[in-house]
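Working notes, beginning with the structure itself.
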Amino acid sequence: MNDVDASIEPKRIKEVRAYVVKGGGADYHDQSSEHWILGYIATPISIYPEYRASRASWGLNVLGSVVVEVESSDGEVGFGISTGGYPAAWIIENHLSRFVVGKYVGEVEKTWDQMFKATIYYGRRGIVMNAISAVDLALWDLMGKVRGLPVYDLLGGPVRDELTFYATGPRPDVAKSLGFIGGKLPLIHGPADGIEGLRENVRIFKEAREKVGDDFLLMYDCWMSLDLPYAQRLLSELKPYGLFWIEEPFIPDDYWSFGALANIAPPTLVASGEHESTVHGFRLLLELGKVNVIQPDVTWVGGVTPMIKIAALAEAYGAWVIPHGSSVYGYHFIITRVNSPFAEYLVVSPDATKIVPQFHPLLRDEPIPQNGKVRLSRKPGFGVELNRDLLVRPFKST
């Protein structure tokens, strides 16, 4: 038998701190105006001409990053990040912190449940879930550091030796040359651009297919921008060119349009979920929406704790779980799941031709794909360090 001193009390959390950061980091939309991610890309609001030319014009990049540190009674610190800036920091300091301080390190399920239920009346999605995500990720990071284990070991251990990636960005030809297994293009034109815009979307995809060949996965990210008739026609026009999946064609709550599109999509897959929240929301997406691939963002959906349930639900429906972006936070989860066959790398270099860390300059030692693959380290927690020089703490818990 192992000798265990039952009199040793587990470590407790003594403080929660929330910070904001400007310029990249967790909010990767917070970029210069020349960045491809802020350019002419279809969005729900691009039906209005004044908000069509740039995603910055309607404020996609206004929130900024939020960073949470949780400190144990012996001074060990874990941290997590999300999008949310000042509003999320205020919620964390003034509401969520009461459910964290005093808890034992490792009480992640109870803490998450209390944070979620205490914010239902004004939360459930959006910025509140982002705030909960940052806290939850900090708790998992701390638990790994206290136990001397990477988070993926806390989740059951890896099911593969390394992660394989596809790349999101406007240059799938470059992605192929860098060793990625696929590329996901941003859809440029939405319904407001008419039949000419649709034809241009098809032309862009066809040209990309000609450059990368047939042995390369090619997808379209529609970012909630389409209506059902447009999506049906786009899907039909693209079938000759090997569209692997069509992503997030509709707003998250329109499960019925997802279901209607899924009925005619095969062999193309339907993917969605980066803007979905809660296991109940994903149940609707799987039951009514009939999606083949769900894409929760670990830094937006509530953190690692709800991801465990969402992934189990997806497995019951025979669906893949390929989280949206989320870098190292997604990597530690994906490597433990049989139904997560590969991962997304979001190309955040301005012209989408260079491989750089997604959350730069906020994280240090952030792994990036080499020849389209990543082998995770054995460092405890999420295995990255925080660049504290960038942090500003605008509020303190009351």
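The backbone N, Cα and C atoms fix where each Cβ goes, glycine too.
Here is what Swiss-Prot records for this protein:
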- H29, R55, E344: substrate binding site (BINDING)
- D221, E247, E274: Mg(2+) binding site (BINDING)
- D297: site 'Increases basicity of active site His' (SITE)
- H324: active site, proton acceptor (ACT_SITE)
- E344: site 'Transition state stabilizer' (SITE)
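Cα-Cα distances to E274 (Mg(2+) binding site) place D297, H324 within 10 Å, out of the recorded positions H29, R55, D297, H324, E344. A 10 Å cutoff on Cβ-Cβ distances gives H324 (active site, proton acceptor) a total of 25 other Cβ atoms nearby, all chains included. The two recorded residues, H324 (active site, proton acceptor) and D297 (site 'Increases basicity of active site His'), have Cα atoms 5 Å apart. Each residue contributes its Cα atom, and for D297 (site 'Increases basicity of active site His') and E344 (substrate binding site) these two points are 11 Å apart. Mapped onto three states, the DSSP output places H29 (substrate binding site) in coil.
Cβ neighbour count for D221 (Mg(2+) binding site) (all protein chains, 10 Å cutoff from its Cβ): 23.
In this entry, H29, R55, E344 make up the residues listed for substrate, with the farthest two CA atoms of the set 22 Å from each other. Counting neighbouring Cβ atoms within 10 Å of each of the binding-site residues (H29, R55), the lowest count belongs to H29.
Taking only the Cα positions, the spacing between R55 (substrate binding site) and D221 (Mg(2+) binding site) is 15 angstrom. Of all the binding-site residues listed here (E247, E274), it is E274 whose C-beta has the fewest other C-beta atoms within 10 angstroms. All protein chains considered, the CB of D297 (site 'Increases basicity of active site His') has 25 other CB atoms within 10 Å. Surrounding the centroid of the Cβ atoms of D221, E247, E274, where the record places Mg(2+), the chain contributes additional residues within 8 Å, namely T168, K184, C222, W223, E248, A271, S272, Q295, H324.
In the three-state DSSP reading, the residue listed as 'active site, proton acceptor' counts as coil.
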